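Novice: Under the heading active site, phosphocysteine intermediate, TrEMBL lists B:Cys222. Here TrEMBL flags B:Asn159, B:Ile160, B:Cys222, B:Ser223, B:Asp224, B:Gly225, B:Trp226, B:Asp227, B:Arg228 as substrate binding site. Residues or ranges marked as coiled coil in TrEMBL: B:405-435. Summarising the annotation, TrEMBL assigns compositional bias 'Polar residues' to B:450-480. Under the heading domain 'Myotubularin phosphatase', TrEMBL lists B:10-388. Per TrEMBL, the feature region 'Disordered' maps to B:437-544.
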Amino acid sequence: MEFAELIKTPRVDNVVLHRPFYPAVEGTLCLTGHHLILSSRQDNTEELWLLHSNIDAIDKRFVGSLGTIIIKCKDFRIIQLDIPGMEECLNIASSIEALSTLDSITLMYPFFYRPMFEVIEDGWHSFLPEQEFELYSSATSEWRLSYVNKEFAVCPSYPPIVIVPKSIDDEALRKVATFRHGGRFPVLSYYHQKNGMVIMRSGQPLTGTNGRRCKEDEKLINATLRVGKRGYVIDTRSLNVAQQARAKGGGFEQEAHYPQWRRIHKSIERYHILQESLIKLVEACNDQTHNMDRWLSKLEASNWLTHIKEILTTACLAAQCIDREGASVLIHGTEGTDSTLQVTSLAQIILEPRSRTIRGFEALIEREWLQAGHPFQQRCAQSAYCNTKQKWEAPVFLLFLDCVWQILRQFPCSFEFNENFLIMLFEHAYASQFGTFLGNSESERCKLKLQQKTMSLWSWVNQPSELSKYTNPLFEANNLVIWPSVAPQSLPLWEGIFLRWNRSSKYLDEAYEEMVNIIEYNKELQAKVNILRRQLAELETEDGMQESP
Amino acid sequence: MLDKEEREQGWVLINLSEEYKRMGLPNNYWQLSDVNREYRVCDSYPTELYVPKSATAHIIVGSSKFRSRRRFPVLSYYYKDNHASICRSSQPLSGFSARCLEDEQMLQAIRKANPGSDFVYVVDTRPKLNAMANRAAGKGYENEDNYSNIKFQFIGIENIHVMRNSLQKMLEVCELKSPSMSDFLWGLENSGWLRHIKAIMDAGIFIAKAVSEEGASVLVHCSDGWDRTAQVCSVASLLLDPHYRTLKGFMVLIEKDWISFGHKFNHRYGNLDGDPKEISPVIDQFIECVWQLMEQFPCAFEFNERFLIHIQHHIYSCQFGNFLCNSQKERRELKIQERTYSLWAHLWKNRTDYLNPLFRADHSQTQGTLHLPTTPCNFMYKFWSGMYNRFEKGMQPRQSVTDYLMAVKEETQQLEEELEDLEERLEKIQKVQLNCTKVKSKQSEPSKHSGFSASDNSIANTPQDYSGNMKSFPSRSPSQGDEDSALILTQDNLKSSDPDLSANSDQESGVEDLSCRSPSGGEHAPSEDSGKDRDSDEAVFLTA
């Protein structure tokens, strides 16, 4: 298919662009295969480059022959284009619609993007599972790498390499896979160096209504317990939901079969409920007319912050089991690809200082989201303005990022990255020139040959010039476990992402700049003083030597 | 005796006469009136009052008889840039049809005192219904037909009883035991608290815009002119004048608009056993408005959140004399200044605790009027957990950016001093060495001498051996810097008599301080606080 076929009108002059907090810009609108470009053709005004894949929905309306297209983006921005000429406007609108809903992944921009920067480190190889495992292997010999899923035959949503208890062989893993939803047998998610406790994750056990059991499964998870120790199973579903799942062949770990494990049910919501929550929240944020009370009730009605609180609470609980109770934890919901990953990754943010560094956080996303098979392609296909109610879309990853932001807000000096880093990840998960978030699993990414055909986001982000945008100037390495508050008073709306386009951030940006200046100046002085001290010390020794004879 | 002196000095720290001078008064349009000496006209007003030059004593007294509690229109703030002013009063006793020539003349005089505008805004901060109800009691609001060239405007801020109930409801929400997110947001909404904050802010913004953008003077009143009027006048002044956004300026603002103009502190904050219906968080709301502004303009205020919280605390604490009594008259009668201490002196003495590290006098946010967005955004106003949950330390951010930056700035200052000192000493040693070499080997060159004498250039003139260091420092990463300091430390340890060592260990402990400031888990420093925090958190996770 040629993009040219989809572009009915490639270029329109005298188009006026309206954006909040910016003066209107008149210029020429161009459509390319992947971008919508508006350029005023003047030197001093910036051009608008918008990825078609960032477009969530469009509205059009006409006043006489002047057409208006309202473009709603996946990053929640809304822009308006006034296009002279009804035909041009209709052509542009239908072209945008077609180009923003391409049906083949291989037509997406990452397959066409040619980087303009020199790749110093190929991000596709930055976080290899073997390397990650090496971090653990010095501390423990109870775990091993398994290649049982090499051809993605045992579990289609798992990566080829997983970490499992050493005492369990691949044959047992294959059996366990048949007993777990989607073949997602329990694997290691996190090893707590301090006391050797672990977080494992999996899909739900397929007990069904007649209480099926699987000896290998029991053996596998018991193999992670120390002698005489008990563990916790955290089911991210309420007991009710978990019980209902049995009718569909799913279920949960029965006490009778897992006597060494205590089960705790939490209730983290799933797909469409989360998606509706996001839609309501963004709608409330965009509504400029309501009064103060309506704002709060709309915020409440969206339930977004309720989800945040529930997810964070569950993650804290898991971290607490590990660090305070000294007990290992197995976490799952139904599939083990959404709420499970929110909990396992947030627990690591709380427990492990490394995951609060930039590299560590990237590794965490690579490990706990991409490799772990969170279906990014499905979940991020549409955002807050979607009107086609498909079942698979859900802001699961955005909720995770929001939770990280909440912890960052409470511990502003404990993270190496800043809020912009989280916003950048959100943007790239929904629309990107990089291949990192394409596909739903490692097996899909392999089939698409993303490593060969597209660029990794990490190759770009980890350049020093990019990193400096995302580095938190307040960071002081903190080796402690950080316990966030989950009280409603402590969990505000993430304005940086939800009100980003609805308020001017000028004064806040200035404050950030000032903060950077204060710290930079201090470092500069520190360096100067150190040099002078050394000079002085050397001179004084010389002096002493001269005087001594 | 020293005590007495200290106390007296404390009370003169904030001086309203100087404040009026700073505004540019008296001038051709405004004069100091002695009409209220010995509180003869209005016992809840101060003696020092500024009125339009054309307002004679006859007009003033006539006008005062037509105003509730005789609180006639007087100047609250004068905007030098365009001669517009903010005046304040109580409601007129207009009933359904009464009018008063002198009062009308008084408003005329206010208009004439501003040559740049041909009208005056009259802002009634009450809801229209309340104002109309007052007419039945012989009070009410200005009839536009009777007063020439006024523009009358209602801005609905609710009365003290509504505000008291609102705060009560909000505090109940704050005190809920592990509330759900819905409980909290519903409760916050039902309390109406943020809606009231917004109403006060809206009124302040309206007045600030009228003054700065339209160049029009504004007369503000409510019923008695000592609650809502004080709130609105002070918010508007704060928006208009950067001086009020400094530590001292803020004290002046409270002294002027609240203390001197007879805000009834005793009644509103229940300092004495009195009528519970008189109690209302009027100044609390003003203080919160300031916090809301600080959140939006983080570089605009010289003071930090702690300053506001401490002022609020002392309004209720009765530890200092400033907020005792209901009027200046009462305070003078009780000789408050001779018998108590001033809070302002106390705060000023500890001012380093109250500084906002992001404030810079030359920053663009610090200059002129604060411009709020033209489209009112409701989400601008947020729940102030630092105030209303201030005792639940676990709910607050565990690491304070303000404290961190203050520590950095403090260290920076020490470094600046040390740098200067080091440069001086280096220069001295180099001179001595040069002299030595001159004496010993007689090889000195006069040109070198002249170079060393310029103390400013000592860095540029460092001997060649060290210049390599100099070149490398700008690109030096902080971690390398740390290595350096470690290196120096060991060197200094060898020479324990070196005064440098003390400077060094200071700096080290400074760094340690910083990390102590982050009471995250407190693993290696198990302070009582962090231990408690953790426990309470755990309880929360388990019950939730």
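Just so it is clear, glycine is given a Cβ too, placed from its N, Cα and C backbone atoms.
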Novice: So if I draw a 10 Å sphere around the Cβ of B:Asn159 (substrate binding site), how many other Cβ atoms end up inside it?
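Specialist: Neighbour count, Cβ to Cβ under the 10 Å cut-off: 15.
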Novice: Give me the long-range Cβ neighbours of B:Asp224 (substrate binding site): same chain, 6+ apart, Cβ under 8 Å, in sequence order.
Specialist: B:Ser68, B:Arg69, B:Arg71, B:Ser90, B:Gln91
Novice: I need the CA-to-CA distance for B:Cys222 (active site, phosphocysteine intermediate) versus B:Arg228 (substrate binding site), whole Å please.
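Specialist: B:Cys222 (active site, phosphocysteine intermediate) to B:Arg228 (substrate binding site), Cα-Cα distance: 6 Å.
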Novice: Give me the long-range Cβ neighbours of B:Trp226 (substrate binding site): same chain, 6+ apart, Cβ under 8 Å, in sequence order.
Specialist: B:Ser44, B:Arg71, B:Ser90, B:Phe261, B:Gly262, B:His263, B:Lys264
Novice: Once the DSSP letters are reduced so that anything not helix or strand counts as coil, what is B:Arg228 (substrate binding site)?
Specialist: helix
Novice: Among B:Asn159, B:Ile160, B:Cys222, B:Ser223, B:Asp224, B:Gly225, B:Trp226, B:Asp227, B:Arg228, recorded substrate binders, what is the largest CA to CA distance in Å?
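Specialist: The two farthest binding residues have Cα atoms 12 Å apart.
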Novice: Using Cβ-Cβ distances, find the residues under 8 Å from B:Arg228 (substrate binding site) that belong to the same chain and are at least 6 apart in sequence, listing them in sequence order.
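Specialist: B:Thr125, B:Arg126, B:Ile157, B:Asn159, B:Ile200, B:Ala203, B:Cys222, B:Val282 - these are the non-local Cβ neighbours of B:Arg228 (substrate binding site), listed in sequence order.
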Novice: Is it possible to get the count of other C-beta atoms within 10 angstroms of the C-beta of B:Cys222 (active site, phosphocysteine intermediate)?
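Specialist: So the Cβ neighbour count for B:Cys222 (active site, phosphocysteine intermediate) comes to 28.
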Novice: In the same chain, outside B:Asn159, B:Ile160, B:Cys222, B:Ser223, B:Asp224, B:Gly225, B:Trp226, B:Asp227, B:Arg228, whose C-beta lies within 8 angstroms of the Cβ mean position for the substrate site?
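Specialist: Other same-chain residues near the substrate site: B:Ser90, B:Thr125, B:Arg126, B:Thr229.
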Novice: Tell me, roughly as an integer, the mean pLDDT over the coiled coil (B:405-435).
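Specialist: So the average pLDDT across the coiled coil (B:405-435) works out to 90.
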Novice: With H, G and I counted as helix, E and B as strand and the rest as coil, say where DSSP puts B:Asn159 (substrate binding site).
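Specialist: The residue in question, B:Asn159 (substrate binding site), is coil (DSSP, three-state).
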Novice: What does DSSP call the residue listed as 'active site, phosphocysteine intermediate' in the simple three-state scheme?
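Specialist: Going by the DSSP assignment, the residue listed as 'active site, phosphocysteine intermediate' belongs to neither helix nor strand, so it counts as coil.
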